[in-house]
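These come from TrEMBL:
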- B:ARG162, B:LEU163, B:GLN164, B:ASN195, B:GLU292, B:ASP367: substrate binding site (BINDING)
- B:PRO196, B:GLN248, B:SER300, B:MET406: adenosylcob(III)alamin binding site (BINDING)
Amino acid sequence: MTTPNEKPLQDLPQTPVILSGAKDPCLVSMDRTGSDLGNREAPHISNEAATHPEAKLDLRTLTPARVGLARTGSSLTTTDVLDLALAHAEARDAVHATLSLPTFPEEIERRGWLVGAVKSAAPDRTTYLRRPELGRQLSPASAEYLESWISLPNDPEIVIVIADGLSALAVDRHAIPLLDALQPLLPDWWAIPVIVAEQARVALGDPIGQILKARLSIVLIGERPGLSSPDSLGAYITWQPRPGRTDAERNCISNIRAQGLDYATAAERIAYLCREAARLQLSGTAIKDDPRLQLP
Amino acid sequence: MAYAHTAGGTRYRFPTLADLLAKASPARSGDELAGIAARSSIERVAAQIALADLPLKVFLSEHVVPYEADEVTRLIVDQSRANAEVFSQIDSLTVGEFRDFLLSDAATGDRLAALAPAIMPEMAAAVSKLMRLQDLVLVSRKISVVTRFRTTVGLPGRLSTRLQPNHPTDDPAGIAASILDGLLLGSGDAVIGINPVSDNVATLTTLLRLIDRARTRFAIPTQSCVLAHITTQMQAMAQGAPLDLLFQSIGGTEATNASFGVSLSLLDEAHQMARSLNRLPDAPDANIMYFETGQGSSLSANAHHAVDQQTLEARAYAVARHFKPMLVNTVVGFIGPEYLYDGRQILRAGLEDHFCGKLLGLPMGCDICYTNHAEAGQDDMDALLTMLGAAGVNYIMGVPGSDDIMLHYQSTSFHDALYLRSLLGLRPAPEFEAWLATGPLKQLSVQALLNA
């Protein structure tokens, strides 16, 4: 799915009224402080900006943010209002999407992982949205299923939970490539259970981890969709997962997707946090991100 | 102590003050989720009638969260006791009479400002439950709360913005592009405040330096903030990062704050540390704290003590005012539909929060926002934006095209701020306005900001 934000700028529709004949899309970005464009309404904005050197540089190449939007008066133009409306519609639809079952867990199993599947206590999306606590509990059938799940040779060090969260689209797109990147970084990965969870919140990893007696949980979950990012995946690391853990006791890595954090970097950060949690015997705000993984 | 009212032949009983407040709260999904909301429309109004007859004095002795169990309650009681003399001016009023007083001509802005320290957050929440949206707007409008760092925010006739140039990988060039975009549209006079993806000292320091160098080189009258956890900001300060405003999310109970990884003593320690940086040698008493709040955080952390979310939100303001902050921001629609279900509930909550904050003496701004899983859209935000502008909100967010590409929600855009300034004749902070008048924008570019 391509959002309007990701279009090359050349594809953006022209806005002739605003542009006053300018065809260079770069000028779309900057031609909004000229004398005919609402300085009466916004007298504090200098006219000189319209001609400054930055007008030659397209801000849109530097960020996926909606920078450089034209003005009509002080308002957005019709094109940009409708772009925003379309992106909102895409995000709304992502909230109501579902995981690709059964092909999704089958694909994970083919890669050699131990795979299970559970459901939360929220029976449908509407209930899920209004009753988050149900998304943090296992359905009675799923709790029973996990308790009698295949007997593991030892209690697992780690359990990975893949949860639909607020964007099944994110899970469908990114969970398996991220698992691929994680595999070489996790010792004894073949002994790590991967549990696919429907109608799930982050904290569903707590009862899952408790039942499987895991020392640590990694929850990969669809984040709430943004306009430019209906498919963003988050990862939450919790030491000694059990019901009652607070958010301050987890570490989070956010925004895993094509235009955000790449799989390799995300996997390195997850592996680092797992090692730190094991070393310190805790997770949460006491652990800081690996300084070596930071920006220059 | 129990409260009751008879309506339509039915006797409605409310066993505690917390129950009375919850049942009197205008409907919202968070209180329903907590199982404390009124079970019928009549019960809600019965509770409101009972609440209207309640003497304000009751709040001095009956605490919605136990004194022994909660340091926020203890702070509130301390604040109240320290201002007992001021409170004596209104100690004969009931909650209903308090509403009438607030709307009366006798309640001038100066009078309300003088009363603010004596008003307990539970009193503010209680009276707001008896107020319609127009009441919330009208009373808020009377109250100016002015704060200063490099700019002066909250003066009548002014509207400031937090320039929020977030980027999904904290990329300095991407952030600089959004900063430039905002400055060109007159945004950023309250603060340039970045939510980082990575909560670590290196990122925090990189971004603070980016803002600081650009600000210094182009003499931009504003202040920096990177909204990492307060302990990360403390580490960065210890390593010499140029931090102007110190940020933290706070809530209305001790346990909520614990879920954020903070306590009053930690906030005190961090506040002292930031003050000792002495960033403004000529203004040692400048306001330096930036707090964010939002209805529903206590329930979300299972730390609500069966108190309604709006009362707990007001209690967070008692924490905030202890630190005389530069900016307080209710992030009203961010938390999601389980707490505020739709545009109508977000609208009311935003106006309640702004009113309660101003009544308690806080420099209130509002992140007028919604998430994509809420039953809300841009029209709802336009309504709240316009009403908050009429109510005299100190500042709003400025996000490129209203789309926060890191936090995944919609806030207000640079254009929205221009709309409000244009509609209501509002101007930026005076220092920022004077800077814009010097024609600095032609010198600005992404490269210039990055290489400053």
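Including glycine, each Cβ sits where the backbone N, Cα and C put it.
Overlay of TrEMBL annotations on the structure.
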residue  : record                              : Cβ neighbours (10 Å)
B:ARG162 : substrate binding site              : 29
B:LEU163 : substrate binding site              : 27
B:GLN164 : substrate binding site              : 28
B:ASN195 : substrate binding site              : 19
B:PRO196 : adenosylcob(III)alamin binding site : 20
B:GLN248 : adenosylcob(III)alamin binding site : 26
B:GLU292 : substrate binding site              : 22
B:SER300 : adenosylcob(III)alamin binding site : 22
B:ASP367 : substrate binding site              : 24
B:MET406 : adenosylcob(III)alamin binding site : 28
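In sequence order, the binding-site residues near chain A (CB to CB under 8 A) are B:MET406, out of B:ARG162, B:LEU163, B:ASN195, B:GLN248, B:MET406. Checking Cα-Cα distances from B:GLU292 (substrate binding site) against the binding-site residues (B:PRO196, B:GLN248, B:SER300, B:MET406) with a 10 Å cut-off leaves B:GLN248, in sequence order. DSSP assigns B:ASP367 (substrate binding site) to a strand in the three-state reduction. Residues B:ARG162, B:LEU163, B:GLN164, B:ASN195, B:GLU292, B:ASP367 make up the record's substrate site, and a Cβ search at 8 Å around their centroid adds B:VAL191, B:GLY193, B:LEU227, B:ASN329, B:MET397, B:VAL399, B:SER411 from the same chain. Residue pair B:MET406 (adenosylcob(III)alamin binding site) / B:ARG162 (substrate binding site) shows a Cα separation of 16 Å.
Separating the Cα atoms of B:ASN195 (substrate binding site) and B:GLN248 (adenosylcob(III)alamin binding site) is a whole-number distance of 11 Å. The secondary structure of B:GLN248 (adenosylcob(III)alamin binding site), as reduced to three states from DSSP, is extended strand.
Each residue contributes its Cα atom, and for B:ARG162 (substrate binding site) and B:SER300 (adenosylcob(III)alamin binding site) those atoms are 26 Å apart. Ranked by Cα separation from B:SER300 (adenosylcob(III)alamin binding site), the binding-site residues B:LEU163, B:GLN164, B:ASP367 are led by B:ASP367.
Cα of B:GLN248 (adenosylcob(III)alamin binding site) to Cα of B:ASP367 (substrate binding site): a distance of 15 Å. Between the CA atoms of B:LEU163 (substrate binding site) and B:PRO196 (adenosylcob(III)alamin binding site) there is a gap of 14 Å, rounded to the nearest whole number. In the three-state DSSP reading, B:SER300 (adenosylcob(III)alamin binding site) counts as helix.
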